[in-house]
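Engineer: Okay, these came from TrEMBL:
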TRANSMEM  109-130  transmembrane segment
TRANSMEM  142-160  transmembrane segment
TRANSMEM  191-210  transmembrane segment
TRANSMEM  216-241  transmembrane segment
TRANSMEM  311-330  transmembrane segment
TRANSMEM  350-372  transmembrane segment
TRANSMEM  392-412  transmembrane segment
TRANSMEM  438-464  transmembrane segment
TRANSMEM  476-497  transmembrane segment
TRANSMEM  521-540  transmembrane segment
Amino acid sequence: MAASSATVAESDAMEAEAPAAVRGCVDFKGRRVLHSKSGCWKSASFIIGVEMAERFAYYGISSNLVSYLTGPLGQSTAAAAANVNAWAGTASLTPLLGAFVADSFLGRYWTIIAASLLYILGLGSLSVSAALTPSDSSSPPMIDVIFFFLALYLVAFAVGGHKPCLQAFGADQFDDENVKEVQSKSSFFNWWNFCLCVSIVVGLLVLTYIQENLSWELGFGIPCLVMCFALSVFLFGIGTYRFRVKSDGRNPFAQITRVLVRALKNRRAAAPEGLAVEEEEGHFRFLDHASLEPNGVEACSMSDIEDAKAILKLLPICLACLPFAVVYQQSTTLFTKQGATMDRHITINFQIPAAALQAFTPGSIILFVPLYERVLIPLARAITHKPTGISLLQRIGTGLVLGIVCMVVAGFTERQRLETALEHGLFDLPKETVPMSIWWLVPQYLVMGVADVLTFVGLQEFFYDQVPGGLKSMGLALSFGVAGIGGFLSSFLVSVVDKTTGGRGQDSWLSDNLNRAHLDYFYWLLAGLNALSVVLYVYFAKSYVCSKRSIV
């Protein structure tokens, strides 16, 4: 929301005289806003409702995408898994682009609207593509495949504008200078994900059944209608929203880029002396050269330099979390293919879709978040006297350890499935059902859910808290970017393992015939990589100095 400098100055002056006003915020018409009449949970409820619809649509597509690629589009298991990982990675990286557009040009509100329209277009195109592609064809026309992937990546770019901006816009509804609202904002991130998981469970159970038992075009078309409704809800809540305004009107990306460029140009110059650099900004001291011109005249302010340091400090944490992001990708690809070979019957005449078991991941989050919010956090607050109970870095680290547990459990479950297949002579009968209940997979989904809420939700709150004020959308986009890069790394790793372990007449670990494959070895490989990442994370976390002492 753009506002003139005069309006902002007038707003700030009025806020100084009225304690009930929210400093740095205006309503849609540029007027100052009061605590009692705007923001907080009143506005957040509209925003959470919109995101619930978006997650319903996204997971309604992504959860069963591997089945569509190996079914109507006729791709191999390895190719389909690689394509799903690449698409999921793109959908998690495009928030960086969306955050740039929002923080530099359009603002969060208008970026959300533009992304919603793009979302609706992409989902509608997916439904049309599914209607044009014969469901019984093993090799559909190339034009149908191209149209499908164009529509799919249109959705990925829509996610980029929607996801970081909506969550940041929701967090903006809480005042950082109001003690009660500070605690509410910490709870907001947890309840945000709790509500999203409810919608994800509904999407997984309803849409996967429709896609496999009715039609793919209907399974893709319903999310399109839901997103149309979500856009209406978002517009309806406009009168309650708080819009953050910039005090100086400068582009934060331009400021940080200028610091980096100036520091590189002055890298051979003498180090600046007498600068009051805080202890927490003692890292990346080379950026202090940005405060000098060759003739000694200051080029960049110290506040801009400290903002650039705050962004760079987050990169090692991102790096250490990448192996966990690779683990997370398996829940929508290999876990699903694994379940498709097992006994999925609930009754004699009814069997659940393999992708529906993904509902246990958000299901575990639904159960864990109230326990975490109502029991664990109050207990931790009483012991540590911190608003968040435990530090966010401790929370993230706990989630990384659970990622290792998840892969170890998944590996032993797969070993049991292979032994069952061997016992019943099914090694060369990949289309036959292995007489082992699909419920054996539930533990790995449950552990993944708890690891998700600790790691990814912790990253979201941590990055939002640590980035400069004008880059809150970018902070959240960085946390999504971890998952995005993890998707590409997973795609790369799947391809490498498939080629390395196969060949010379030997089945690879990721063979299309899962009864001759070795998913157990692949899962244990991921567990080992995650163990190494935990060691790296502990090192980086111990050396990290938070910009806000309250969450250390």
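Placed from the backbone N, Cα and C atoms, the Cβ positions cover glycine too.
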Engineer: Looking only at residues six or more beyond either end of the transmembrane segment (142-160), which have a C-beta under 8 A from one in the stretch?
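Structural biologist: Contacts of the transmembrane segment (142-160) (Cβ under 8 Å, skipping residues fewer than 6 from its ends): 54, 58, 61, 65, 73, 87, 90-98, 115-116, 118-119, 121-123, 125-126, 128-130, 132-133.
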Engineer: Look at every Cβ pair spanning the transmembrane segment (350-372) and the transmembrane segment (191-210), keep those 6 or more apart in sequence, and say whether at least 3 of them are under 8 Å.
Structural biologist: yes
Engineer: Which listed stretch (191-210, 311-330, 438-464, 476-497) has the most C-beta pairs under 8 A with the transmembrane segment (521-540)?
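Structural biologist: Going through each listed stretch, the top one turns out to be 311-330.
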Engineer: Most CB pairs under 8 Å with the transmembrane segment (311-330): which of 109-130, 216-241, 392-412, 438-464, 476-497?
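Structural biologist: Most contacts with the transmembrane segment (311-330): 476-497.
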Engineer: Grab the same-chain neighbours of the transmembrane segment (476-497) for me: Cβ-Cβ under 8 Å, and only residues 6 or more beyond its ends, written as numbers and ranges.
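Structural biologist: Sequence-distant neighbours of the transmembrane segment (476-497): 78, 81-83, 85-96, 98-99, 163-164, 167-168, 314, 318, 321-326, 328-330, 333, 456, 459-460, 462-464, 467, 508-510, 522, 525.
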